[in-house]
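Everything on this sheet refers to the single structure shown next.
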Amino acid sequence: MWKFVIGSVSTAAFFVSVCTIYFSVSMLDELDSFRLSIRDELEDWKEVSDDTWQRLNDMTSRNVPKKTNILKEFVRGKRNVGNDQCNCAEPTKNCPAGPPGEKGSLGNPGQPGPDGVDGDNGVDGDVVIHDMPNPKECIKCPAGPPGPPGPPGPLGPRGDKGPSGPRGALGDQGETGPVGEIGDQGPPGSAGRAGPRGQAGQPGTIAIVGLAGRPGPQGPLGEPGAQGEPGVDGKDGALGAPGRKAENGRPGKRGKDGVAGVPGTRGKEGEDAGYCTCPPRTA
């Protein structure tokens, strides 16, 4: 049972891992394609904005009339102080912007004209201090095209610990597990506390002794009683008359051999019998 459950869980985890890797690779591919498309669109937009900016500069330089001031070269104006003043062109008044015309081709340089007739002497001029326009009324230059995206910044500091999340919902009740094996017998428990004293009983009724009834029927035969103790020996009886002579009995069995006796003393030497003498030795 457990082996089947573990195998099923392992197989499911393997398939989930494979699916996760596949979708991660697909997502990275889509993000790369999206990044390339965004970069192409930004380059197209940059080209359009650069072209528009060039056309605006050409229109401004072509439509704004040039004003010459003879005294400007000899009179020193006030210096610009601060960063609020811009270096844009002088403002034009009552000059509506016309529609942009098509850019023509460059013509050939013309021949230098003849020298003009000397003019009359002019009136002595006064020293004029040229005031710059009020910085608050300075012309706002149009914003340039957006630059390319900068490199990713460094990793920021670790944020504060967020608040604790809400407590999760109560899970469903699990299935009842199989009945376990019977455990070993535990040690005897300690004696319980004495129970409370019972309530007093109700008062009994006064009994009235009735008349004796008729004797009942004879009961069944009871089981045999236990064996009694042996009785006391009786007194010896009177001596009886002698009996008749009995016949001889059968011979008894042979008894066992007795223990060996002590060895006797050596007897005296007997006399020589009629033996011949032995011949002498030859060798």
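The backbone N, Cα and C atoms fix where each Cβ goes, glycine too.
Annotation comment: Swiss-Prot describes 127-139 (among others) as compositional bias 'Basic and acidic residues'.
The compositional bias 'Pro residues' feature in Swiss-Prot is assigned to 143-155. Tertiary neighbourhood of the compositional bias 'Pro residues' (143-155): same-chain residues 42, 46, 49-50, 53, selected by CB-CB distance under 8 Å and a gap of 6+ residues from either end.
Swiss-Prot lists 185-204 with the feature compositional bias 'Low complexity'.
Sequence annotations record features per position, and here Swiss-Prot assigns compositional bias 'Basic and acidic residues' to 244-257 (among others).
When pLDDT values are averaged over the domain 'Collagen-like' (213-271), the model yields 79. Taken from Swiss-Prot, the feature domain 'Collagen-like' covers 213-271, and the record attributes it to sequence analysis.
Taken from Swiss-Prot, the feature region 'Disordered' covers 90-283.
Same-chain residues lying 6 or more positions outside the signal peptide (1-19) and placing a CB less than 8 Å from one of its CB atoms do not occur. Per Swiss-Prot, the feature signal peptide maps to 1-19; the stated evidence is sequence analysis.
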Structural state census, the compositional bias 'Pro residues' (143-155) (DSSP three-state): 0 helix, 0 strand, 13 coil
Helix-strand-coil residue split for the compositional bias 'Basic and acidic residues' (244-257), DSSP-based: 0 helix, 0 strand, 14 coil
DSSP helix/strand/coil residue counts for the compositional bias 'Low complexity' (185-204): 0 helix, 0 strand, 20 coil
